[in-house]
Amino acid sequence: MKKIVISLGGSVLVPSLESNNIDRYVSVLKKISGTCRIFVVVGGGGEARRYIGVARSLGAGEAAADELGIMVTRLNARLLIAGLGDAAYPRVAENYTEAQEFAQAGKIVVMGGITPAQTTDAVSAVLAESVGAALLINATSVNGIYSADPKKDAGAVRHERLTPRELLDIITGSRMDAGANTVLDIVAGKVIERSGIPLLVLDGRDPENLYRAIVEGVCVGTVVCEEGSTPLPS
């Protein structure tokens, strides 16, 4: 059974504790788990940025802010595990070795952040390489990779397809401080390039987009892979 790693943005899973999409994602992930082995890396989203903002206002440095962000990603991961119930391994994986060990149970493996100064997108890329994943999916708050931030620039154009090299060129200037909200960090981009693992960037605000991409082979977003290949099922 092929392995798929999903980088699930905290802002799409848990926009706030009062308004979250956990139940919707639980339904879709359970359906998908019958077709492939799933690893989910959960981001911190707005909750992490709020904690980081308060920590900075209190004089905390970037290292402390990073640690706070990682804690929040793991709390979000714990919420997803609670929703998945028996479909998920009951513990949050805290490193790549644990993720591989937990996968032996045949259940969905969920983790959050691991390393300070790295986004959960970078964690998901390294995880995909570690487990030999066939596909990496970034479910985020926009429907693909754009020429500029579509939330700020009405003229931004979505890239339907990119090579790993082109992706790296786009993200070279991404911010790397704690809580940064960019399409991918440069670590993720470099791992994607060296591993050759294809990447889909899609709109995670609708969890069904995961099912459409993985099961039906339909991705309205950006496909990152070498020219002449396609990661989508036919």
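Just so it is clear, glycine is given a Cβ too, placed from its N, Cα and C backbone atoms.
Going by what Swiss-Prot states, the UMP site holds G44, I114, T115, P116, A117, Q118, T119, T120, and the candidate of D23, D66 recorded there is D66.
The C-beta environment of T140 (ATP binding site), restricted to residues of the same chain at least 6 apart in sequence and closer than 8 Å, consists of S7, G9, S11, V12, V183, V201, L202, D203, G204. Comparing Cβ neighbour counts within 10 Å across the binding-site residues G44, P116, the minimum falls on P116. Neighbour counts of Cβ atoms within 10 Å were compared across the binding-site residues Q118, T120; the minimum falls on Q118.
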